[in-house]
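Feature annotations, reproduced from TrEMBL:
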type	residues	note
DOMAIN	339-496	domain 'SSD'
TRANSMEM	340-361	transmembrane segment
TRANSMEM	368-396	transmembrane segment
TRANSMEM	402-423	transmembrane segment
TRANSMEM	444-465	transmembrane segment
TRANSMEM	471-496	transmembrane segment
TRANSMEM	566-584	transmembrane segment
TRANSMEM	856-874	transmembrane segment
TRANSMEM	886-909	transmembrane segment
Amino acid sequence: MSLHKYFDISILKKIKTEYDFTGNSIPKTEGYYIQIINIDQERQIQSTNPVLMNNVFYEPNTFQNQPTCIFSINSLKMLCFYHLHQKVDSSIGGLFERYGKFIARHPWKTVIFVGIINAALGVGLLKLNPESGIHQYVPIGNTASKDQKTVETLFKINTSANFNVQSLSDLGQYGEVIIELKNGNNILNITNWKHIEELNDYIRNTTIEDSSGNIYFYSDLCARSSNQCVVDGSFLLESPFTSDMNKGNITYPPYNLSTGQTVLLDRFIGNVVFVNGLIKHATALKLRLNLQSESFDLSRKWEKKFVEKLASFKNTDIMVKYSYSDSLSVELSKNVTGDISVFSVTFTLMIVFACLALMGMNCVDNRYYLGLAGILSTCLAILASFGLVSACGVAFVDIVGIMPFLILGIGVDNMFILLSGLADTKSDDCVETRIGKTIRTSGIAITITSITDIVAFCAGAASVFPSVQNFSWYTGCAVLFCYFNYLTFYTGIMTINEVRVSKQRHWFTCCKTKPHQSLKEEGKSKTVVLFCGGAPRRKREEVEGPIEKYPKILLKKAVLSKPTRIVIIILFVGYLGVSTWGAWNFREDLDLRNLVSSDSYYYNFYDTNLNFFSQSFFVSFYAKSEIEYRLSSNVLKIETLLRKAKEDKDILNTFELSWLDSYTKSPEFQNTSQSNFILGLNTFLDTRGNIFVNDVVIRNNSIVASRFHVLSKSLSTSSDQASLMVRLREITKSSTLPVFVFSPSFVFFEQYVQIVPQTIQTLAIAVSVVFLVTAIFMPLPVLILLVTVSVSMIMVGVIGLMQIWGLTLSSVTMIHIVMCVGFSVDFSAHICHAYAHVSGENRDARVSTALDLAGGPILNGALSSVIGIVVLAFSKSYIFFSFFKVMFIVVVVGAMHAIFLLPVLLSWIGPIYGTPETEPVNDKIKHSEKEEKTKVNL
């Protein structure tokens, strides 16, 4: 039986100290009684030494026949949580209310002071340090980067004399070109070679000029080996190859050059059709013109000139796709920078929406300027955060460009929550009292969401990815300033506006205005009545906009109707099932094509390169200390290491570059002594071992470092690339030799190893913070559980729908996921916070009132957020477009949880013990000097 009852608090405190709440024992205290006032039956019940059974107290004289339930232990526990909530709300809420009243007493001083602070911090923009490049997405302090530094320390390469691509510690400098026929036919026809040779001459004649006026051709800056420019694929232009081509005698993929070397043609000839090991048809050729790193600046200048010239290359038969070593970074930055300009469009849309949503026909109680002030408060926060973080030396990376779009959504959401709280205050109260009550309720609501947002970004700032770190610093700081501005600058403007309203002044002219009815009675025209009449509102419906006023009527009917509730639950169960499937299949990957615009020259090049040519890469095993290579045991260990590597499913077992194997099989090999071994090795390297000249470091008649090379198969997916790197590292760990494995590509692959644990760590921290913050500000178990579960469900939904919408997990989308954790709690916290602070005789009544208070702001906030990002749906940048997708998902899913799922659950299991602020007829809190009585549901 469920009865509304009042308990004497002093007695309950005595029960808490004397009764075992686990239900194990009850003391038998003489004369001890429990007094209950039964409101439904208007009678007083007293019981001496009540009986406890199954955690429920019964009157002993009725226990054997028809026991009368007095109260349950669970009710007492809930009452404890209620009192905790009451104390928290009284202390924190009281503090916020006093603060709000303080601002209301000094509005102009607050607005001016905070405005100056924001502007002063914005001066830090002068130190803004834009930073672009693919390195933003590489983990800091990763193993590959450390190994790269070790390689650079151990091996010094002169690329102007001894260039070998497998010996580079990075990807080098180069200009790369893919050649195709415009008609798509077979390119391996001698009639096409005149066009290819024309292109080759066109490229080689590309010149640059230094500051002294010196002219440099490609031949002056090219990487060299054996005094020849190293052009990967140059054999395609030589007569032995064209002769084999005319004979139809080109083997594939291994092809023997006239020099005796064997090359793999899948790296140079693309989209191949071959039969019995011979090429029959191909549509693309690829050449790479390598440049020397010793003249870095000149080489980089030549690379840019190379792109500029090829952009204007014209030929009737062939088409050319091209790139250079820094194309990805440059095009990525260009792509993002171009789309940042659309922020002005978003800014305009947000102003229009906010003003229209708040502007009414009441010329006195009109909130038009409050809409403008909300946008201004948010923009000042963005300015201050940019200035402060830039002044602290944090680089402005490409991904930070999406931050203003996010902060606009958060800021406008704060604005609608504050205005809803203001509209809910009593119009008869003075302005200071109304502002105080607004900050007491809505101020705490935006505090909960702001803290969770800030801590979520703090967790992101601990990431090993520079892009995630810097984005989190800028965005977390912006959320902090946004919160600060709304509780100071915007609250001051609200006060100024309310003072104007209380004096019945026109919103535009500030002249004294009469109510509509008075003007009508005076016989004024309809135009004058419409545009000049008005009065302070008497109830909240008078200032609510259409989005606040009408949808919530339908919402209340939906969530409070039993059949509709069942439908809502069924739909959410289906949504959760689909989302869980999507989240389970969510994969990690970063397609480099997505980082640049689809009309970029690099996009076209990379797309063709990925689809037509092998994506294999060299992998090297480094011995980083002295090893006695003369000993057969060490030779066996090296051979075993390389054999295990070539047994891997993603390593070619037919390719190996081992100076030791080649030397021991050469006529120069000597092993009678250490000095003879080194003497013979030097002779070998100087004569027939030029390809190994960069692989052995000899000092003081001893080998201090060396390396051996293998070649991977074509790997195009990030998971395969990362898995191979991890497996090869395990192989080196199993060796007793002082070796490590490295490839320049490993530096980029590192993100695929780190991204999953980093994302899980960030999500775990953020969801834990949601739980803790909710527990602090709303210490009611059911609400804590509902908010935490809701945020978890939203995150599952976001990740699952990301997979369905074609997104993958990468260092780019990880930023979006971090953002979602903070953003997903906003709507859920608002509806639960509203429920905890409204009155009602039952759960349904409370849900209805909570939707009145928070439903409108949630819908306005969701709609404004969508408007703020809608322009990004047309972005050519993957960073911006993926942000649009994720933000759209989290806003829609988060709003659906807040206005449908949570109200239904609250109407079933929401706490219904009293509220700390209201005194309804059936839900009041009594205070006196001797006693405090409170309501409990049994």
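Every residue gets a Cβ built from N, Cα and C, even glycine.
Two recorded stretches are said to be in contact when at least 3 C-beta pairs lie under 8 angstroms, sequence spacing 6 or more; the transmembrane segment (856-874) and the transmembrane segment (340-361) meet this definition. With pairs at least 6 apart in sequence, the transmembrane segment (471-496) and the transmembrane segment (368-396) have 3 or more Cβ pairs within the 8 Å limit; the two touch. Listed as Cβ neighbours of the transmembrane segment (471-496) (distance under 8 Å, sequence separation of 6 or more from its ends, same chain) are residues 99-100, 103-104, 106-108, 110-111, 114-115, 118, 121, 369-370, 373-374, 377-378, 380-382, 384-386, 388-389, 394, 396-397, 399-400, 402-403, 406-407, 410-411, 414-415, 418-419, 422, 431, 435, 438-439, 443, 446-447, 450, 453-454, 457-461, 463, 815, 818-819, 822. Remark: the transmembrane segment (566-584) contacts the transmembrane segment (886-909), by the rule of 3 or more CB pairs under 8 A.
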